């Protein structure tokens, strides 16, 4: 938003100590008088519609020439085609063959019919003071660790209504295998029950099942638990992804997409969750205490379809998935690392280099994603400045593409306030673009791979999703990975029944510290 300009003094008016100035005959300074935002938008419109603008005169000439043809000209054209019948037939055959090959080999559209985010019961909510007091009463943390956790909580961006599992509400906590299974069942079945109720899909119609959960991988698997609970069919293609971090939700979508390219006329269900019960850290190593303060209970279930008949009722169409893996670099590989501390306490350690590594992973990811989604105007500007920097002047600042021209909504993984702040700054986003991420972090905390779905639900609950809008889901995870999914709204989307924001959306946005 530009500040209002101060009106210049009239010609000949006294300035300062009675000195007279005369009206300038020079051209005005356009950098000061023209709002460059509109110049850029005009340039973007010109380049984006350049082909159309060039074709309009050509089509006009063709129409004018065709309108001047008389019956004799049309008869001569017919005779020409008649005497070259073999050539016409061969060309037609090639056209039909080419069209058939294209239709048979083109990727099948993948539709997001609906999704559901689990909302835990209110008695699992934890306030700051309750969190700190429970941590003190366990007897596992020294005063330094307690103070550290208190400060992290205050600066985290989390609110007072996030959820921790039942086992963590007991004193002492009860992180048993049975309690972990109970948490997984409550989250997964809660999300799936709502999904099946909202879509009216029978569990027997599901042909593909993908479940992702990084830190809890029991035997039988989480996917097997779902097959058993809902009595899914015996030939279902089921997958269980573990250890892939907060970006695994996009990986699961990508896997389901690939399976839907192979198996025709079917549904795929993706379940994204994390399990906290057995992964709470009870030691005093600072880098391993941060996950205790950020991670909270949550999960999402997503229904995908490759049936053309589902396009009419689907919410979104999957446009792109771009995955970037930096695991070949040792620092990136170890920046989010599950290990034991010096006292044998297991937890997940976060490196001090995490933000720098995440920035590098994001750069790699958007370098691949940019050409797929950015308008040609932005790509040209980026290419020109890159060439200028490389061949003429190394001090030329690289042009940062304006992703706001490619996307209407941004769902940035709610990993923490610092993650959201950095992406807002580096992608030059406005506060409204990161509002869904900040409010999801405030209301539900870091729910790992499912956070991007709570953010999408927030956007829908606010009534902002219109037909044709594009959504960019960005997620980071251990390994280290940065993954993106791009969706396009097929209609004006309204929130589904039992939305996690159903009874609280009017309170948001709120001011976060």
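A Cβ is built for glycine as well, from the same backbone N, Cα and C atoms used for every other residue.
Small disclaimer: the values here were computed from a predicted structure and weren't measured.
Annotated features, as they stand in TrEMBL:
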- 43-64: transmembrane segment (TRANSMEM)
- 85-104: transmembrane segment (TRANSMEM)
- 102-390: domain 'FAE' (DOMAIN)
- 246: active site (ACT_SITE)
- 325: active site (ACT_SITE)
- 408-488: domain 'Beta-ketoacyl-[acyl-carrier-protein] synthase III C-terminal' (DOMAIN)
- 409: active site (ACT_SITE)
- 413: active site (ACT_SITE)
- 442: active site (ACT_SITE)
- 446: active site (ACT_SITE)
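Where TrEMBL records a feature, it is marked here on the structure.
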| residue | record | contacts (Cβ under 8 Å, 6+ apart) |
| --- | --- | --- |
| 246 | active site | 214, 274, 413, 415, 446, 448, 449, 451, 475, 476, 477, 478 |
| 325 | active site | 479, 480, 481 |
| 409 | active site | 433, 436, 456, 459, 464, 465, 469, 470, 471, 472 |
| 442 | active site | 157, 158, 159, 508, 510, 512 |
Could you give me three numbers for the domain 'Beta-ketoacyl-[acyl-carrier-protein] synthase III C-terminal' (408-488), the DSSP helix, strand and coil residue counts? 37 helix, 21 strand, 23 coil
Around residue 446 (active site), how many other CB atoms lie within 10 A of its CB? 25
Summarise the model confidence on the domain 'Beta-ketoacyl-[acyl-carrier-protein] synthase III C-terminal' (408-488) as a single mean pLDDT, whole number. 96
What's the number of neighbouring CB atoms sitting within 10 A of the CB on residue 413 (active site)? 32
